[in-house]
């Protein structure tokens, strides 16, 4: 074949390839992909979010007519699905039986369930939420020496026990992202790592997380998950922490105080503080190590708590238990729709009384002299 023939043949081959690619990118399968990395985490900060996007080749970013039709079809399908889901909405008594645990408080005065082992029907819940195709987020903060002492075990155990069988996104907030451990996540699990500003005092770290969580919910989390939990890093999952914990707003009973009288609780008792709760008031003592709900409800929680923290700073006062004091004040005024028993956040230093059937999460040993920069 002469040179002219080779040129013509090459041009035909290139044209064919381009036509094939053009047909592919204008098909539904040619849409862009979002890649979550297990070993190479996405890195961001509190105001921006970076990711890796792989657009279809030769795509100018403008949807084709076919793509617009596909989007419209998908929207109609989702609308119909939501209508069906509303008709099949799971009722409390479909899955919850308080009589299974008569020795403990299982229903609050405002009719919210207190979830203990044995009170819920796991099969019904799993079947319901599997149809919903939910995504659950989990935020955790690790700064300074908390990273090396607690983070890897927390994430590894969460990977094993948190919302098994459902899509999960871990939102990991670090003051030094270079110390992020390499962790291989299981199926349906991904994580995003964000760098946060270091604080001089651990008390400020604890309180400022309310602001940071709220910022991230507004920036992206509200569009990424259906439910969100916020947890302390110095604890470890021991057993399945599943969909029985999901709700509009979820509070955690504090292990040391769940049997105490409200007047014994370590609420903030000074009237000058925004977290003030007078004697004679209060329902339960809630642990700030775990709280959650829908993204919008968690946003409300963090906003109101941070508002109280700022008010206290303005008045030159600091609540006794920092963000936890403000969280208890919030839940006094805005009752949680679901409460988790101490089984979901237990301290083995208490022992193991008969009403604690299965420990879902346990406290880690508190090495405050090692991990806090001001004790």
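Each residue, glycine too, has its Cβ placed from N, Cα and C.
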Give the range, chosen from 3-29, 30-56, 57-83, that Swiss-Prot lists as region 'Disordered'.
57-83
Neighbour-count leader, CB within 10 A, recorded positions: 232, 324:
324
Residue 232 (Mn(2+) binding site) and residue 300 (N-linked glycosylation site), distance between Cα atoms, whole Å:
19
From the Cα of residue 324 (active site, nucleophile) across to the Cα of residue 234 (Mn(2+) binding site), what is the distance in angstrom?
15
